Amino acid sequence: MEMKQPMIENREDGGEQEKEQESHENGRLVADSIVEKGQKSCSGPGQVSNGYSSTTPQSPREGAGAGMDRGSTPGAFRTLVVQQTSLDPPRETWSKKMDFLLSVIGYAVDLGNVWRFPYICYQNGGGAFLLPYLLMAVFGGVPLFYMELALGQFHRSGCISIWKHICPIFKGIGFAICIIALYIAFYYNTIMAWALYYLLSSFRTTLPWTTCNNIWNTPNCTHYLSTDLNVSWTDNSISPAEEFYIRQVLQVHLSPGLHQLGWVSWQLALCLLFIFTVVYFSIWKGVKTSGKVVWVTATFPYLVLLILLIRGATLPGAWRGVVFYLKPDWGKLLTTSVWLDAAAQIFFSLGPGFGVLLAYASYNPFHNNCYKDALITSSVNCLTSFLSGFVIFTVLGYMAEMRQQGVETVAKDAGPSLLFIIYAEAIANMPAATFFAIIFFLMIIMLGLDSTFAGLEGVITAMLDEFPHLLARRREWFVLGLVCVCYLGALSTLTYGGAFVVKLFEEYATGPAVITVVFLEVIAVSWFYGTTRFCNDVQLMLGFAPGVFWRVCWVAICPCFLLFIIGSFLAFPPEVRLFDYLYPFWTTVLGYCIGLSSFICVPSYMVYHLVTTKGTFKQRLLKSITPEASGSSGPQRDTIVITNAV
């Protein structure tokens, strides 16, 4: 967005000066200096934020005196720096730079880094998987991450209103992102409710998932600890940890499937209510409060990971898990599924397209180095995923040693089961099991809280920027209503068959839709708004333009990267299974309908925009892809420099 400097010629008519002053009703005199004709003001402490220079600002009294003294001198000129003031309240900003960095890191580093990456890594060739993972990160994930931070920081808008500055016809992308964020809130927080249930159950000397004499246990429950030398593990054996998770926490045995979910579990309903209460009081005031909360929620998981890594490395058999985790199988790199999993993992790990990066970056100072921020946060995210693999697989190696089985047999569970069954059982067999259980499930809750803060803040920022006069002064009430909607929407995941609903949302409702939305976002920015214009915006902010590598990634590589994921998903739809329940065909149709319900906002808004825009069809189309003129981006939007004025 180019910066314009109005030049007002020297005029002798005082009436013309009055008109010029009246055209800036909301203006106020910031600096008043006198320069000789043709002389430039030197830069320094008096340089204004838009790059033009002025002298040191004076008080109104000094400015008035100077104006009268010098104004009578023939041939003298004054440079007036007029700052526009708005009736709207100023945009909130982060209290500290670290608040922003920790918020972005907390958003990017979530539960998927702990359970998804280690599982996908060993499933796709161990150490060999790191090659496609890093390639997909460098050429796909990080450029998208950088692009969203730069867009949000330059235009200082949420995911809805930002499109009038980029390509108005694509505004439906913002509404689609908000709906996707709601779907995620419906099921993601339920996983934290499970972790809270485990946390509350951990405050006892004997953990409840270590014994088989509870009311929820079956005859197949096998109490198998390293000290039980007379107990053997068979194919029909079920660990007490698995029965605690399935039959006590989820109670999924009481539901035959999605067609009959059963009643809501009141214990989980109370746990989820507590989670949403914490979420509300962390984000209700904006980034000023959430930026302080993340100092705990974003740093505590790293402390726990370090403790668990040291403890896991000292367990017998830990080396077996590490070898299994990192042993490369180069032959798997020839299969398409490995590259697809690498692309999907880095995309969902960094999290572009959810409106969060746009929202968080919009609260940054205009000249903040978002390029450096993108490299730091994405690197921390990838290294955390790699570190989590060691934390998980040292324990899996210990479990394999204890059961006298292969690591691949122990690590057959993926997703939440890896944490709530395998890892929970391993913790129960450690000395000081209660302590490790408490800190582990606290870590799970805090990893989830950061992502929930971010996801809801993306929606809140988008709606407040789109409807400022309606919601700006009612943020607390709007956040309360949003949290209540999310809680009510999550009730289906708290039923006896709620785990089936969580899996359905995870597989169909969010993944394909958000990838398609990000694909359209890249096309709109790179091809319609233009990489040249976008790079000029970045140069205006940072003082340097993105290089050829970033331009090529945004124009060609990133769209191909996203098309590859979309095409693979459509060509090979996943077979969804949870425990012994195979999802029937009608659930697949239902899942696609839920995903389509968010994406339908994009074409619907395109039609609406074309219909409501005035003019011929060609004029409407041209207006729809032309960014609206705006002087509201960056600090220069509030400053007008008037030179050569008497």
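Any Cβ shown, glycine's included, is placed from N, Cα and C.
Within the set CYS178, CYS221, TrEMBL assigns CYS221 as the partner of CYS212, by disulphide bond.
Counting every protein chain shown, the number of other Cβ atoms lying within 10 Å of the Cβ of SER451 (Na(+) binding site) is 25.
Set side by side, the recorded positions CYS212, LEU447 differ in how many other CB atoms lie within 10 angstroms of their CB, and the most is found at LEU447. Proximity of the transmembrane segment (375-400) to the transmembrane segment (293-319) is established through 3 or more Cβ-Cβ distances under 8 Å for residue pairs spaced 6 or more apart.
Counting C-beta pairs under 8 angstroms (sequence separation of 6 or more), the transmembrane segment (584-611) reaches the transmembrane segment (172-200) with 3 or more such pairs. Recorded stretches compared: 130-151, 263-281, 508-529, 549-572; the one with the most Cβ pairs under 8 Å to the transmembrane segment (339-363) is 130-151.
Looking only at the recorded positions VAL109, CYS221, the densest Cβ neighbourhood within 10 Å occurs at VAL109. Contact between the transmembrane segment (508-529) and the transmembrane segment (420-447) does not hold: fewer than three of their C-beta pairs are under 8 Å, each pair 6 or more apart in sequence. LEU447 (Na(+) binding site) sits 31 Å from CYS221 (disulfide bond), counting Cα to Cα. For the pair SER349 (Na(+) binding site) and CYS212 (disulfide bond), the C-alpha distance works out to 37 angstrom.
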